[in-house]
Amino acid sequence: MGIHGLAKLIADVAPSAIRENDIKSYFGRKVAIDASMSIYQFLIAVRQGGDVLQNEEGETTSLMGMFYRTIRMENGIKPVYVFDGKPPQLKSGELAKRSERRAEAEKQLQQAQEAGMEEEVEKFTKRLVKVTKQHNDECKHLLSLMGIPYLDAPSEAEASCAALAKAGKVYAAATEDMDCLTFGSPVLMRHLTASEAKKLPIQEFHLSRVLQELGLNQEQFVDLCILLGSDYCESIRGIGAKRAVDLIQKHKSIEEIVRRLDPSKYPVPENWLHKEAQQLFLEPEVVDPESVELKWSEPNEEELVKFMCGEKQFSEERIRSGVKRLSKSRQGSTQGRLDDFFKVTGSLSSAKRKEPEPKGPAKKKAKTGGAGKFRRGK
């Protein structure tokens with residue numbers, strides 16, 4: 001879910017924080033991508049007029065989505081995929097709710113199938129989609145053959161994407177989860193891995209502008225996000241987005257808001273874990289950006305054909321064609337961006353951003369199969 005209603009709220013009260021760009025605008029940019037979110041998008045992709053996300057046996061697969069969306073970034077984008085680690089304990093309540101919703105969707109799917117309601121069948125089938133360890137492992141193997149770096153986050157992928165962006169290792173974090181801003185990513189990109197059929201422009205959300213327009217610091221913004229509703233604790237019933245903004249701007253903290261609220265009108269949840277949620281957002285368990293070395297290498301064409309065609313039964317012609325496009329883009333992206341060498345003034349994206357040094361668990365290193373070093377494609 002991320003943060004409930006945050007994208008709409010920013011569009012309403014801080015529209016200058018949002019930019020829309022064509023993918024060609026990102027030539028030479030390094031971007032940290034939430035891998036699990038991308039895989040989920042590939043698994044629920046609607047295949048209109050073609051079966052590009054299915055193999056010759058008709059099996060839906062995330063591999064072709066990962067292959068083609070990564071190649072789609074042939075305008076010189078340098079992606080690094082970040083995979084989820086162990087979910088934080090605070091998320092257990094949200095995960096339990098998702099299991100309940102999945103069980104209910106299974107019942108509704110069966111009823112829709114018996115009634116022959118095709119649209120309802122598709123809707124409830126999507127609700128049952130879940131990214132598995134096998135999906136992750138196969139996509140990691142594919143990325144290594146493509147020469148694309150990836151890493152395993154110790155916990156939430158979007159938090160580690162944000163850490164990489166804060167440290168300047170990448171230009172932005174790419175995910176659909178708005179809590180990437182709550183974790184402190186200076187720039188959040190949405191729709192980067194969305195289906196081409198949707199024709200969605202890439203949206204950029206700039207945290208510094210959000211804070212400036214709202215008149216908040218990062219700690220107050222975190223409190224606002226908790227009031228809106230997150231994956232990690234309940235929100236206060238009866239407080240909508242506009243009211244939440246007004247309250248945090250006036251009282252500056254959740255603690256002061258709670259002290260002044262009428263409990264009969266706005267009852268605070270019992271055993272409310274807002275302090276734990278604050279700490280999780282401000283000091284998340286993330287990769288240590290300084291230990292991460294990002295390298296992109298040439299794709300291994302023959303091993304890709306062996307894996308994608310021999311094992312997974314995809315068209316060899318499509319795979320070899322894709323490899324050629326990937327190699328061509330790799331050569332182009334090595335030229336670099338002009339603003340990597342010259343400071344560009346008056347540009348939102350080129351503004352220097354000073355972020356606080358990560359503390360405590362934020363310094364934890366990436367989990368990379370026990371090797372202790374960042375794994376990269378060969």
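Heads up, the Cβ atoms here are built off N, Cα and C, so glycines get one too.
If you check Swiss-Prot, you get these features:
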type: BINDING; residues: Asp34, Asp84, Glu156, Glu158; note: Mg(2+) 1 binding site
type: BINDING; residues: Arg47, Arg69, Glu156, Gly229, Asp231; note: DNA binding site
type: BINDING; residues: Asp177, Asp179, Asp231; note: Mg(2+) 2 binding site
type: COMPBIAS; residues: 361-378; note: compositional bias 'Basic residues'
type: MOD_RES; residues: Arg19; note: symmetric dimethylarginine
type: MOD_RES; residues: Lys78; note: N6-acetyllysine
type: MOD_RES; residues: Arg102; note: symmetric dimethylarginine
type: MOD_RES; residues: Ser185; note: phosphoserine
type: MOD_RES; residues: Arg190; note: symmetric dimethylarginine
type: MOD_RES; residues: Ser195; note: phosphoserine
type: MOD_RES; residues: Ser253; note: phosphoserine
type: MOD_RES; residues: Ser291; note: phosphoserine
type: MOD_RES; residues: Ser333; note: phosphoserine
type: MOD_RES; residues: Thr334; note: phosphothreonine
type: MOD_RES; residues: Lys352; note: N6-acetyllysine
type: MOD_RES; residues: Lys373; note: N6-acetyllysine
type: REGION; residues: 1-102; note: region 'N-domain'
type: REGION; residues: 120-251; note: region 'I-domain'
type: REGION; residues: 325-378; note: region 'Disordered'
type: REGION; residues: 334-342; note: region 'Interaction with PCNA'
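For Asp84 (Mg(2+) 1 binding site), the same-chain residues 6+ apart in sequence whose C-beta sits under 8 angstroms from its C-beta are Ala35, Ser36, Ala153, Ser155, Glu156, Ala157. Each residue of the region 'I-domain' (120-251) gets a DSSP state, and the totals for helix, strand and coil are 69 helix, 15 strand, 48 coil.
The Mg(2+) 1 site, placed at the center of the C-beta atoms of Asp34, Asp84, Glu156, Glu158, has further neighbours from the same chain whose C-beta lies within 8 angstroms: Ser36, Met37, Val82, Ala153, Ala157, Ala159, Ser160, Cys161, Thr175, Asp177, Cys180.
Less than 8 angstroms from the CB of Ser185 (phosphoserine) sit Glu158, Cys161, Ala162, Ala165, Lys166, Ala172, Ala173, Leu207, each of them six or more residues away in the same chain. For the pair Ser291 (phosphoserine) and Asp34 (Mg(2+) 1 binding site), the C-alpha distance works out to 19 angstrom. Mean pLDDT, taken over the region 'N-domain' (1-102), works out to 78 on the 0 to 100 scale. Of all the recorded positions in the record (Arg19, Lys78, Asp179, Arg190, Ser253), the one with the smallest CA separation from Asp231 (DNA binding site) is Asp179. A coil conformation is recorded for Asp84 (Mg(2+) 1 binding site) in the three-state DSSP classification, outside any helix or strand. Arg69 (DNA binding site) sits 13 Å from Asp34 (Mg(2+) 1 binding site), counting Cα to Cα.
A distance of 10 Å separates the Cα atom of Asp179 (Mg(2+) 2 binding site) from that of Gly229 (DNA binding site). The shortest Cα-Cα distance from Asp34 (Mg(2+) 1 binding site) to any of the recorded positions (Lys78, Arg190, Gly229) is found for Arg190. If you count neighbouring Cβ atoms within 10 Å for each of the binding-site residues Glu158, Asp179, the highest count belongs to Glu158. Of all Cβ atoms in the shown protein chains, 21 besides its own fall within 10 Å of the Cβ of Arg190 (symmetric dimethylarginine). When the C-alpha distances from Asp177 (Mg(2+) 2 binding site) to the recorded positions Arg19, Lys78, Arg190, Gly229, Ser253 are tabulated, the minimum falls on Arg190. In this structure, the C-alpha atom of Gly229 (DNA binding site) lies 24 angstrom from that of Arg19 (symmetric dimethylarginine).
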